[in-house]
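> Let me give you the structure first, and then I'll get to my questions.
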Amino acid sequence: MREKKKVLLVEDDKMLSDLAYMQLFRDGFDVEIVIDGESVLPKIQRWMPDIILLDIRLPDMDGFEVMEQLRKSEQFHSIPTIIISNFDQESFRNRARELGAADYLIKANLDTHAISEKVKEILHII
């Protein structure tokens, strides 16, 4: 049996995180949820996900600050990160790209199935 891929979902919107969790779990992923930016690195150190789904607007530390910390880390800089945000401005997309985001998805334009499919694509599961 193939080992489940680990997805760290960093999202403070409970409804969205619950829906995404259910879809990813149904699709065979091991999923953990973090609701604020400051909890991300400690969680990664304990759990080491295969991919991160990261909101930009978070309590304590925004998603860009989280990405900056990840990129500085020798241990975590290569974990693929997908930004999931309501911000559709080109400046946000450019910043995410500069910080190494694997993709940038707009919440209003997708459903939880699309999130799961994107995770599969980036992890080369499809």
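All residue numbers here begin at 1 and follow the chain in the order shown.
The backbone N, Cα and C atoms fix where each Cβ goes, glycine too.
Annotations for this protein, taken from TrEMBL, read as follows:
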type: DOMAIN; residues: 6-122; note: domain 'Response regulatory'
type: MOD_RES; residues: D55; note: 4-aspartylphosphate
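Burial and contacts for the listed features, if you can.
Under DSSP, D55 (4-aspartylphosphate) is assigned to coil, being neither helix nor strand in the three-state scheme. Neighbour density for D55 (4-aspartylphosphate): within 10 A of its CB lie 24 other CB atoms from the protein chains shown.
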> As a quick check of your reading of DSSP, tell me how many residues in the domain 'Response regulatory' (6-122) are helical, how many are strand and how many are coil.
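Looking at the domain 'Response regulatory' (6-122) with DSSP, the answer is 57 helix, 23 strand, 37 coil.
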